[in-house]
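Listed in Swiss-Prot:
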- Glu175, Arg221, His455, Arg524: L-aspartate binding site (BINDING)
- Arg221, Asp222, Glu223, Glu517, Gly569, Val570, Asp571, Arg572: ATP binding site (BINDING)
- 199-202: region 'Aspartate' (REGION)
- His33: site 'Important for tRNA non-discrimination' (SITE)
- Gly83: site 'Important for tRNA non-discrimination' (SITE)
Amino acid sequence: MHRYRSHTCGDLRETDALQPTRLSGWCHRIRDHGGVLFIDLRDHYGITQCVVDPDSGAFPLAEKLRSEWVVRIDGLVRQRPAGTENIEMPTGLIEVYVTEIEVLGAAAELPLPVFGDQNYPEDMRLRYRFLDLRREKLHNNIMLRGRVIDSLRARMKGQGFFEFQTPILTASSPEGARDFLVPSRLHPGKFYALPQAPQQFKQLLMTAGFDRYFQIAPCFRDEDLRADRSLEFYQLDIEMSFVTQEDIFATVEPVLRGVFEEFGEGFAVTPEFPRIPYAETMLKYGTDKPDLRNPLVIVDVTEEFSREDVSFNAFKNVIKQGGVVRAIPAPGAGAQPRSFFDKLNDWARGEGAAGLGYVIFEGDAGALVGKGPIAKFLPADVQQAIAAKAGLKSGDAVFFACDRPDRAAKLAGAARLRIGSELKLSKTGVFELCWIVDFPMYEWNEDEKRIDFSHNPFSMPNCNLEQFLALETGVREEIVGIDRGERNRDLNESNELRKRILEITAFQYDVVCNGFELSSGAIRNHRPDIMRKAFALAGYDETVLEQKFGGMYRAFHYGAPPHGGIAPGVDRIVMLLAGEENLREIVAFPMNQRGEDLLLGAPSNVTAKQLRELSIKLNLPEK
């Protein structure tokens, strides 16, 4: 017989009755019933009940066992007595009559239990993560993660993709977040960077003539942490040559749909992902990450509130300054108590808004009458128009967000989610996926009074490329000044030129599931002339391309194919499939909210010798 086990703790069944067995594992629970000891022995595969009678030679040692001791148990498999079966356990129809016990590893007193719901402080759980990982739920989450990654790999290879590995030590580049820097001992004063994504490498592989790339890629970003964001994460990195945006969608949809169907435990999955333009999702849902389980749709009622006979000046004054009014329907909210409306209003103030105006509708179809604080400022036909536009009927209510467009969208989007939650309107047991398309190529930075990229600077403009290049003709001074400040002053004086630039969209897309962004992607800008032009419109000259992205920029001068890609986040996919709200529940050894590894003590101090070897002196901030 094997030194440690003939079976796992999840193997034994009725058909094994009367057979000898050897098991090894952890003492999950130990119970004393009338002098008979019951040991629930646990390993990676399951739990088996072991019984030690007082007349067994193993009984004296069994009395000394404690929770989480690691033991080897020899015994005889037998059916459980009638009435003691546990049909909830795969091994619940048998038990092992113990004849011998060997202690393989004793355990000190546990700082936290390893079964049941965990309500211990997160820092304690992370400090003793090796114990936390013994809990069934967390253990299963980590196993789910592995199976999801296996499935993603198989699905990509099934579509003819080849798996690559790209460098971990690379050059620092401005990709939206701070880099993690690694000092070079061989090149004093110089630094490597950990990759925020293998972006340039995968595009270089396409330029090198490879066709279908994928990688389960580790990524590192020195950014502020939150529940769905981590300093290090993994993504299913994908790139393809000679493809259109629709080719990317046709490739990725079966992969994501298949994984959510395979591991979603019966949840319905969107059969075909709808394409929603960025401008539309910002209007209808107030966000570029819409949760489509929520049926509420925001509508614009700026025109209705702008009429001469509307006397609600609080909104009209904002409209005159370029603001908008967004209406968020609340079906059936008329039956809610006054406190429902007051709480929403208080919540809006807590979000930095002036509040949420509202109207409650009563009456018959076609003759609805508005009630509430601002209804008296709205003529009857305006009330009817708002009700019709928002799809309201008697007993429904509508809330209003009024501010400049970006702030109104944000408030209305948050209110939509809150109202949907309060009224329990959202669907459950579903994964609602969609594509967000036609992102703006550029945005206006009001604080710095300048145009900049809104998303990925290497995306192909979604417009007539000849006209895009022609923007340079006759307006070069406005577009490419001596420095960004000069160019921005010129743009500030040329509102028409600025408007034309800000109207340009890009072949950029996001895939969203239940309000979480799973991935961003794009058709890449593979032409150096268009790349120079795109950067020039944002105030960057060619030296920026050469200095920051020189490897890729030079490569594109030697025949680059049209290509595009995407990179769904593995961690967020697993988080959704596991029904968790925090990434730390699906990562084996995560850091805490402060970016600390409490188990191994990272980040840590290093010795003066190590710093000297790296030619580094510390300049610490004053405490």
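Quick reminder: no glycine exception, Cβ is built from N, Cα and C everywhere.
Of all the binding-site residues listed (Asp222, Glu517), Glu517 sits in the most crowded Cβ setting, with the most other Cβ atoms within 10 Å. Between the CA atoms of His455 (L-aspartate binding site) and Gly569 (ATP binding site) there is a gap of 17 Å, rounded to the nearest whole number.
In this structure, His33 is the one among the recorded positions His33, Arg221, His455, Arg524 with the smallest number of other Cβ atoms inside 10 Å of its Cβ. Gly83 (site 'Important for tRNA non-discrimination') and Val570 (ATP binding site) are 45 Å apart (CA-CA, integer value). When Cα-Cα distances from Glu517 (ATP binding site) are compared across the recorded positions His33, Gly83, Arg221, Arg524, the shortest belongs to Arg221. DSSP labels the residues of the region 'Aspartate' (199-202) in these numbers: 4 helix, 0 strand, 0 coil. For Arg572 (ATP binding site), the same-chain residues that are 6 or more apart in sequence and have a Cβ closer than 8 Å to its Cβ are Asp228, Phe516, Glu517, Leu518, Leu583. In this view, Glu223 (ATP binding site) is surrounded by 14 other Cβ atoms within 10 Å of its Cβ, with every protein chain counted. If you compare Cα positions, Asp571 (ATP binding site) sits closest to Arg221 out of the recorded positions Gly83, Arg221, Arg524.
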